[in-house]
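Step one of this worksheet: look at the structure below.
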Amino acid sequence: MEPPTSSRLNSRKRRKDVSGPNGATELDGIPPKMSRRSLGLREPAPFSDEVEMDYSKPYIRVTYEEAMRGTPLDRPVRVYADGIFDLFHSGHARALMQAKNLFPNTYLIVGVCSDELTHNFKGFTVMNENERYDAVQHCRYVDEVVRNAPWTLTPEFLAEHRIDFVAHDDIPYSSAGSDDVYKHIKEAGMFAPTQRTEGISTSDIITRIVRDYDVYARRNLQRGYTAKELNVSFINEKKYHLQERVDKVKKRVKDVEEKSKEFVQKVEEKSIDLIQKWEEKSREFIGNFLEMFGPEGALKHMLKEGKGRMLQAISPKQSPSSSPTHDRSPSPSFRWPFSTKTPPSSPANRSRNESAVTYDISEDEED
């Protein structure tokens, strides 16, 4: 009987809106932080022909319920997952991670098809079989790698590797004249479905390279690859070099434009700042000018006050007539300095001056 798809498997669907470090989500069953001791392995997974298998014990599969409850440490649930694994990417790694976490105690065996089978049934690969074997070996979720895995799983292959369950996404995989190569596995109750990672696949990566072929050809020419290694003609090689130069010129022009825009923006900001400061200073200057020279300014009050003081100094107030009079002492006589003679005078007044040697100047005459 085919095991039902549990809520645990369904919960492994990726959610793009909530993601943690390296694209992992809480629903993937990975805690956000793990102890340093459990991170990674020190050696790649071994190949199946390098692992000793005890065939003395009979091959007895565990049921889905037993596997979910947990098996003894010396009897892990042996889960098998196969594929091409060309251009090994995060979608492959996530599928293997789900297969590893199907049951509490899981031993994951991964089968990788050879170049011959892949080219016959699926198409040409970017990586050869040895590169693909090596890539799967270094995935942390893999316990064992089967080289030259069969395209269709036979009962003999399942018994040889003591496989309990086969993990793969639930989408029918039509190939080798069959609508679904896992149909007999599903009917035997040995199929454990996983979820595909949307947005990433080997075909998607190849499509990007083909679509942007010129960009990647120019990229590798820059890095020292020859036109012969890239299968690029002489004319295309020169065209790529010319395009590269044109792109560099465009980049320089763009950089200059961006810098000029930044400069203009800074000048505008400074000019606006200067204008604002000038306006503030001009308002302050006008206010101070009006306070000093306006109709009611300080200068007017100062002039009025100065004018009053000048008038008071020029024409002081007369003393009142009713004030008592005081006898004044006679004014001191005034003599010309440095001389005992009388001051010179006109002939008409000489007779008068001769009679008076000194001159008396009173205070009334001074006033």
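Keep in mind that glycine also has a Cβ here, set from the backbone N, Cα and C atoms.
Automated prediction, rather than curation, is the source of TrEMBL annotations.
On a predicted model such as this, the values are computed, not experimentally measured, just so you know.
What TrEMBL records for 239-266 is coiled coil. The compositional bias 'Polar residues' annotation in TrEMBL covers 315-324, 340-356. Positions annotated as compositional bias 'Low complexity' by TrEMBL: 330-339. The annotation domain 'Cytidyltransferase-like' is assigned in TrEMBL to 80-208. Summarising the annotation, TrEMBL assigns region 'Disordered' to 1-43, 313-367.
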Other parts of the chain folded back onto the coiled coil (239-266), taken as Cβ under 8 Å at six or more residues beyond its ends: 214, 217-218, 221-222, 232
Secondary structure content of the domain 'Cytidyltransferase-like' (80-208), with strand meaning DSSP E or B: 45 helix, 26 strand, 58 coil
Mean per-residue pLDDT computed across the coiled coil (239-266): 84
